[in-house]
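TrEMBL annotations:
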DOMAIN    16-335  domain 'Acyltransferase 3'
TRANSMEM  20-39  transmembrane segment
TRANSMEM  60-83  transmembrane segment
TRANSMEM  103-125  transmembrane segment
TRANSMEM  132-150  transmembrane segment
TRANSMEM  156-173  transmembrane segment
TRANSMEM  185-213  transmembrane segment
TRANSMEM  225-244  transmembrane segment
TRANSMEM  251-268  transmembrane segment
TRANSMEM  288-305  transmembrane segment
TRANSMEM  317-339  transmembrane segment
Amino acid sequence: MKKSTVLLVRPLAYPCLEGVRFYAALIVFVEHVLSGIVLEYFKISPLEFSYSSDSRTLKALYYLADGNHGVDIFFIISGFLMTRLIQKPNFSYSSFVLARVKRIYPAFLVSLLITTLIVVQVFGWPWKIMDFLGNLIFLNAFPALGVMPYNHVSWSLGYEFAFYVIIPALALVPGNTAKASIKFVILLAILFCIPTSLIRFEALFVGGLIGILSESSLKAFASKIPLSIAVIAYLSCGVIKALGVISYQSYYSLFLACAAVLFVRLVWRTSALGSFLMLPAMRTLGTLSYSLYLYHSVIASLVLYKLTPWPASLGGAVFAFLTTFVLTLFASYVSYMLFEKWYFNASRHRASVP
């Protein structure tokens, strides 16, 4: 058996992306697990903690592992890959959408069934058939609709699918990349003018803008950016958010810019950090990142509230974190082998969506 088969390392045009995917999934995982621990230790909701805590140090640490950052990194990757796909000469819109359904729905459907069963039977959530059907088509992505999220992390997939419909209409301007770029910029500007944090398309369009740029342009830009500056700028965004020195919209614009710069720097110029992200182990974990994202939250709830011996203790917190991580990795591996791997084996299309 080949080593790459054991480690689930897939051939990719941009191998660094798998490591970046795992990082994104990891910080989402860390925030959600720590949120449960914070609730037990401090007896306040994570949202209340993040906005009202008097300790700026605690808040800064909290935002360095901000799960929202992870989701936006997923979106940047997806926007980039999708834009690259639709620029191929043999692009077919119907085949594109069908491929997305085949890629995402099998693992998602199984995870939705499992998480729904757990939250209803174990945690006593009400069973509502209309809410379940709404989850099937990602209506839980839009809070105004009032759909109960049986697997609440799946909200991001709703934005992904909406983006799959929007991209071809905006970016497929035959022979005129400039017009496509202008449309992306205009839409991105409009999105930033909407005074709400509930609209989360911006990062997808940022990734799309990167995807429109040529390889030579991206390499030239990456060559001019010191990696240390890009990393510090990216990490500083969490501290700035914690300090509350600028408005949310200003912070979010700054974060997306810093994340995009670091993304380009890592993917289009070699570095020690990029090499680390391309290690077989990191790429393997990146391969599992979609299923890890789907299952981590419900597993964390089971471990925190059904398996961990409370009242809270440091040992209990460590047990909860490590147990959740191990069980989530196991569930992710099983999910990938049963419901994702077939897609990559059956298709030449290698760009996966988190």
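Cβ coordinates come from backbone N, Cα and C, glycine included.
Across the domain 'Acyltransferase 3' (16-335), the model assigns an average pLDDT of 85. For the transmembrane segment (317-339), the most Cβ-contacting stretch among 20-39, 103-125, 251-268 is 20-39 (pairs under 8 Å).
Residues 56, 59-60, 62-66, 69, 251, 254-255, 258-259, 261-262, 264-266, 269, 271, 273 of the same chain lie 6 or more positions beyond the ends of the transmembrane segment (225-244) yet place their CB under 8 Å from a CB of it. Beyond the ends of the transmembrane segment (103-125), by six or more residues, the same chain brings 132, 135-136, 148, 150-151, 154, 157, 160-161, 290-291, 294-295, 297-298, 301-302, 305-306, 335-336, 338-340, 343, 352-353 to within a C-beta distance below 8 angstroms of the stretch.
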